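Take a look at the structure set out below.
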């Protein structure tokens, strides 16, 4: 066995040990689940940055086997999800992709794994995890309301308001899940990249300045199609079409808000505004998001940045 193969095996074994330890910590110390989950992709990311993809895939398979033996059957899914996500990020960095592209790739890999898990639970066990989650939430809500009502308080209106909110969350669950996953992966990058940079002793890609980020031009046309469909069509409430339409609309609205905030930062940089003012404007932009969304639409649809730069 040559030195390169020995190095791959040694580093692979080390990464599996580190991941297994992290998984055991998450299993037995619940309060550390969230902070530990932010670094669970790191062993796979480190390995896949240094080694060819085929060896990284072998690492995932080995991690699945080891964690299944050490920590039980459910840990297999954690190894698969974090393993494929970490390898996706590491491979994209190895291929010279930008940090934003690696973030998008990691987010897509994580969502794809969760979708496969969701579909697998339905097909193999007849269990709808999302429906089950909201059933548990509603049961807990009913128990809490009954308890408060038993103390003599009228909670009818409050209970109805909460139930309506839960129905909205259930309807918008796909979009909210994607946004939450993106934010989660952003924190993963925030923590993992400095550690990886120190351990690998090499430069890793950095995010472009927020002011330079812009959506592809065709996104505005997709958004307009969704808006027109919303105005023209009247899908029956509860149908798959209505479910898809409302999630697409929310998704595109969030993208336009992102575009609007990026424009604010672009304009602020052009005018030399200080960071404190930009932070305040960003917070206001999120709070007054309809205006920010309109600004994003104008920027994307009419090349507002280019026009301002030319005038400047």
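Note that Cβ sites are derived from N, Cα and C of the backbone, with glycine treated the same way.
Per TrEMBL, the range carrying the annotation transmembrane segment out of 145-168, 241-264 is 241-264. Tertiary neighbourhood of the transmembrane segment (57-82): same-chain residues 12, 15-16, 19-20, 23-24, 27, 40-41, 44, 47-48, 110, 113-114, 117, selected by CB-CB distance under 8 Å and a gap of 6+ residues from either end. Contact between the transmembrane segment (215-234) and the transmembrane segment (276-302) is present: at least three CB pairs lie under 8 Å, with pairs separated by 6 or more positions in sequence.
Under the criterion of 3 or more C-beta pairs below 8 Å, with sequence separation of 6 or more, the transmembrane segment (12-45) and the transmembrane segment (171-195) qualify as touching.
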